[in-house]
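Trainee: Quick one: this structure, given as structure tokens, is what I'll be asking you about.
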Amino acid sequence: MTGKTAPPATDPAPVAPKKEPVPTPKEEPAPAPADEKPPAPEHPPATEKPTAPADEPAPVPTAEATPAPEEEPPSSPLSLAVDEVSENSFTLTWKAPEQTGQSGLDGYVVEICKDGSTDWTAANKELFLSTRYTVQDLSSGDKIHVRVKAVSASGASVPATLEQPVLIREILQLPRIRMPRHLRQTYVRRVGDAVNVMIPFQGKPQPEVIWTKGDQPLDTSRINIRNTEKDTIFYIREAQRSDSGKYELAVRINGAEDKATLDIRVIEPPSPPQNMKLVDVWGFNVALEWAPPVDNGNSEIKGYMVQKSDKKSGKWFTALERCTRTSCTISDLIIGNTYSFRVFAENACGLSEKAAIASGVAHIKKTKTVYQPEKIPQRDMMEPPKFTQPLTDRTTTRGYSTHLFCCVRGFPQPKIIWMKNQMEIREDPKYIAMIKQGVCSLEIRKPNPFDGGIYTCKAVNPLGEASVDCKLDVKGKIGQGDRGAGLLAYLFPFSPSQWCGLSLFCADPGDAGA
């Protein structure tokens with residue numbers, strides 16, 4: 001609000017030297033000495049000061065003379081539009097001009113003119129810097145032309161003018177298009193389908209609805225438009241490819257309007273691919289190539305479907321359902337058959353009506369094959385015995401059977417020998433020895449304290465031998481019968497059969513005769 005409608009009077013210093021430098025200073029010095037004497041002494045010092053510094057007065061007029069021709073008025077305000085209209089006023093909005101000059105803007109001037117008249121009058125008495133202004137005190141029913149100028153110290157810009165006059169009447173609700181969500185993106189239909197689109201809007205009083213395509217009116221022979229108070233209906237009975245494009249919808253009340261765009265794409269199946277050929281045949285495989293279709297049906301090609309047909313059956317079978325490239329390899333073909341191939345193009349509308357057929361056929365020949373067994377290098381598996389899991393010391397209770405375990409490996413399979421206190425355990429029902437998958441086990445059935453001792457597992461094969469030891473401790477009281485049996489077992493660790501032979505050998509000859 002620094003500028004006013006009378007800037008030359010309030011700001012003579014900046015304006016006078018630029019547009020009216022000569023008349024203003026010439027008229028002011030004459031009345032000044034007559035009315036007031038203080039200004040007279042003020043001018044002489046001003047004149048004395050330039051005389052003292054000889055360099056200052058010369059550049060001052062040159063500085064005032066050079067910017068006058070160089071600096072230009074600001075450019076026109078941008079995007080002038082009507083924001084609100086009532087029964088006795090309306091509100092304008094705009095954007096600041098692109099070029100404002102070195103001195104900047106002093107403000108804007110809003111001028112109005114009644115329809116049918118050529119007299120433009122300023123609506124604002126003082127300059128203002130806001131880009132919004134309300135023109136008041138108007139009569140309902142008037143049509144007012146409006147223009148806005150940008151003003152700076154170098155002058156006024158070319159006015160920005162509304163194309164249509166503003167009708168002064170109350171707008172209870174500004175126009176607004178409520179575009180449905182599914183219409184905010186491309187609306188896709190097939191050729192021959194009906195296009196029936198309803199777009200609601202709002203605004204009071206009833207707004208004016210305008211449809212265009214490429215800034216041109218619609219072809220009413222193909223497109224039907226029906227407008228109501230709350231919506232507009234866009235209808236095409238049978239869509240064609242030529243109906244594709246962007247349609248502009250404008251809803252207008254006086255100078256206020258809202259715009260939206262309806263993007264329609266009408267698609268159809270693509271044309272068949274081009275120049276399909278058989279590139280190579282080897283083994284059970286065939287390589288194919290082709291070129292994209294000439295017409296994609298107004299939609300992107302999603303892929304190609306490749307089919308094969310053998311000469312015997314004559315039926316077509318799908319080999320590749322959706323191939324994204326223009327070449328492929330078909331495998332797993334049957335020996336002795338002759339095959340033909342064809343390919344379809346596919347887009348959002350579906351497969352092409354016709355297919356491209358390969359010019360040649362592929363014959364899968366029978367080839368003689370000779371079986372060559374795989375040569376496996378022989379490996380020396382011979383290995384001396386080696387215990388991978390040793391025996392562990394155990395403690396058991398009298399009368400409860402116990403087991404001793406260890407693991408051994410070697411090739412040829414080693415012979416396992418169990419020993420107690422360095423004496424070999426042979427055929428004795430008290431001991432059960434087993435070996436399975438390299439796991440050696442010895443079961444001691446119902447041991448007594450005299451069965452305790454050092455047990456050794458010895459493995460022997462032609463390449464060597466190995467052994468492991470463990471200590472077995474049997475807890476429990478020793479009975480009278482155990483003492484004699486234990487002593488005999490310790491002194492004579494023989495099997496039952498050996499005991500029988502020993503008893504016969506030691507028998508008294510007299511007893512035998514008896």
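The backbone N, Cα and C atoms fix where each Cβ goes, glycine too.
Heads up, here are the entries from TrEMBL:
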COMPBIAS  17-40  compositional bias 'Basic and acidic residues'
COMPBIAS  48-68  compositional bias 'Low complexity'
DOMAIN    73-171  domain 'Fibronectin type-III'
DOMAIN    272-367  domain 'Fibronectin type-III'
DOMAIN    385-469  domain 'Ig-like'
REGION    1-79  region 'Disordered'
Trainee: Determine how many residues of the domain 'Fibronectin type-III' (73-171) DSSP places in helix, in strand and in coil.
Mentor: 0 helix, 47 strand, 52 coil
Trainee: According to DSSP, how is the domain 'Fibronectin type-III' (272-367) divided among helix, strand and coil residues?
Mentor: 0 helix, 52 strand, 44 coil
Trainee: Average pLDDT across the domain 'Fibronectin type-III' (73-171)?
Mentor: 88
